[in-house]
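For A:C220, the entry in TrEMBL reads active site, cysteine persulfide intermediate. The heme c 1 binding site feature in TrEMBL is assigned to A:C70, A:C106. Residues annotated as heme c 2 binding site in TrEMBL: A:C170, A:C173, A:H174, A:C220. Taken from TrEMBL, the feature substrate binding site covers A:R216. Look at TrEMBL and you will find A:51-139 tagged as domain 'Cytochrome c'. What TrEMBL records for A:1-18 is signal peptide.
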Amino acid sequence: MRWTGLALLLLSLLGVLAQSVPEDPRDEAKRQKQLLLQTSGILPSDLIVEQGKDLFYTKRGPRGVSLEGCDFGLGAGVLQGASVQLPRYFADTGKVEDLDSRIRTCMTQLQGFKPEEVKRSEVVPLAFFIAAQSDGLPIQVRIAAPAEREMYELGQKLFYARSGARDMGCATCHVSYVNRRSGVLPFSDVLGKDASMSHWPAYRYSNDQAWTMEDRIRACYGNLGHPQPDFYSPVPIALQLFMAYQANQAKAELPGFLR
Amino acid sequence: MMRPRLKQAGWIAALALLGLASSQSDPLKAAVATGGAQYAQVILDQDEGQRLCTQYQSQLPGELIPKFIEAQKALIRYPANGKLLGDWQNGEKVFTDPKRGNCYACHQGDPKQLAYGTMGPSLANYGARGTSEPILRYTYEKIYNSWAFVPCSLMYRGGVHGLFTPEETADLVAFLVDANSPLNRR
C-alpha cells in the first residue's frame, strides 16, 4: 500500500513536472525546493539542521558535555564561518580534518565516545547544523601548513587518478564530460561552474537523503564499482581540500538542496 | 586454507612496499594505505596504463603515444575458436548488464531504449559499416581495449579487466553489426 501511494504521488509529481521541465538540473532543484516550501512550509533539510542543533547542545557521552567546547578552526564554540574554511590543519590532532572528521574528533576527545560509537546518523545532522551557520559566506580554504600542502597534492592526484576495473576517476566525468550525461544523469561541473564544495552537506530530494561530501565521494566510487575509501580517512579529506580550494570565493549554500 | 593466507601475505608485502615509499617521498601511497585495505589495493594495483593516464591527467604527451598503444594492443586476447563475430542475442545481454558491458551508460544502442548516456557516440545503425574482416577486427579490439586506439579514453577496457570474456566480446561485436540486431533493424 505504501508503495502504491508513493507511486501515485510520484506519478502526480511527474504530471506537474511534465508541464514545464527546466533543462538545467540546477533550475530544477530550485523549483523542487520552492515546491516543497510551498506545500509543507519547511524543508526536510531544516529538520535535519534542528536535529543536529539538539545533538550539538545536549550534554552527551561518558563525560556528559555538549559540543560547545569544540574548536572547528575559529576557536571553541565559534560556528559562524567555520565550515567554509574546512578542511584545514588542526594543531591539537596534528591532522588536516574535514567537517565529518572534526565532529568525530570532538565526540571522542571532548565527549569521550569511543571511535566505534560515533554513528553516521549523528555525524550527518551535526554536520548539517554546523554547515548551516556558514550559509551565504564565501568558501575560504587555505593551503598554508605543510600538512595542508601535502593533502592538497594528494587530493589532486586522486581526483585525476584512473583506477579499478572501470579505469575511471573523478575527473573522467566531472571534468572531461561535464556537459554530457551517463544514463539519464547529468554530471556536475565539480571544479568549475558548480563549485560543488559550496553546497555540501546537502539534502538530495530525489531519494530523500542527507549526505555530507564524504558520503557523496564514497557513493561516486561505489557507482564505478570501485572499492570505497573509509570514512574520516585522508582520502575523502584530501579530495575535499582539493575541491574546496578550486571553489574558493564561491558563495556557500548550506545545507545544499540537490537532485 | 591456503588462499586467505596467500592473500594476506600479498597484502603484507604491499604494506612493506608502502613503508619504503615513506610519506615524504610519496604521500599518495602512504595516505591511501590508511583509506581502507580494499581501496588502497585498487589504487596501488594501477597498471602501467592507468599510472600514465593518472600522471598526465589523461592527456598523454605525443611522444609517449606510440609505445602506449603498442603496449595496450599486446593486452588484447581473442576467442579460442578465432571467431570475432559471435551471438548478437547474448551480446545484447552483455551490452545491457551494468556489471559487464554497461554500455548504455555512455552510448545510445537500441533506439527503443531511452535511458542512454551521451558520453560516447550513438551506436544505432552501427551495422551500416558492414561485416568485413577489418571492421570486425577494429570493433572487437576497440571493445576489448579502447586504449589501444585512444589512450586514456573514458571507455574502460572491459576485456582487459575481465568484465567480459573474449567470446562475450565477439557477442558484443555481433550485437553491433548483425543485421538482425535491434541496433540495425529498421
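Placed from the backbone N, Cα and C atoms, the Cβ positions cover glycine too.
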### Message
Could you tell me the mean pLDDT the prediction assigns to the domain 'Cytochrome c' (A:51-139)?
### Response
97
### Query
Among A:C170, A:C173, A:H174, A:C220, recorded heme c 2 binders, what is the largest CA to CA distance in Å?
11
### Task
Return the member of A:C70, A:C106, A:R216, A:C220 nearest to A:H174 (heme c 2 binding site) in space, with distance defined Cα to Cα and candidates limited to these recorded positions.
A:C220
### Task
List the same-chain residues at least 6 positions away in sequence whose Cβ sits under 8 Å from the Cβ of the residue listed as 'substrate binding site', in sequence order, or say none.
A:W200, A:A202
### Message
Checking the contact step here: among the recorded positions A:C70, A:C106, A:C220, which have a Cα within 10 Å of the Cα of A:C170 (heme c 2 binding site)?
### Response
A:C220
### Task
Compute the mean position of the Cβ atoms of A:C170, A:C173, A:H174, A:C220, which form the recorded heme c 2 site, and then list in sequence order the other residues of that chain whose Cβ is within 8 Å of it.
A:M168, A:G169, A:A171, A:T172, A:V175, A:F187, A:V190
### Query
Nearest to A:C220 (active site, cysteine persulfide intermediate) in three-dimensional space, by Cα, is which of the binding-site residues A:C70, A:C106, A:C173?
A:C173
### Task
For A:C70 (heme c 1 binding site) and A:C173 (heme c 2 binding site), determine the Cα separation and express it in whole Å.
37
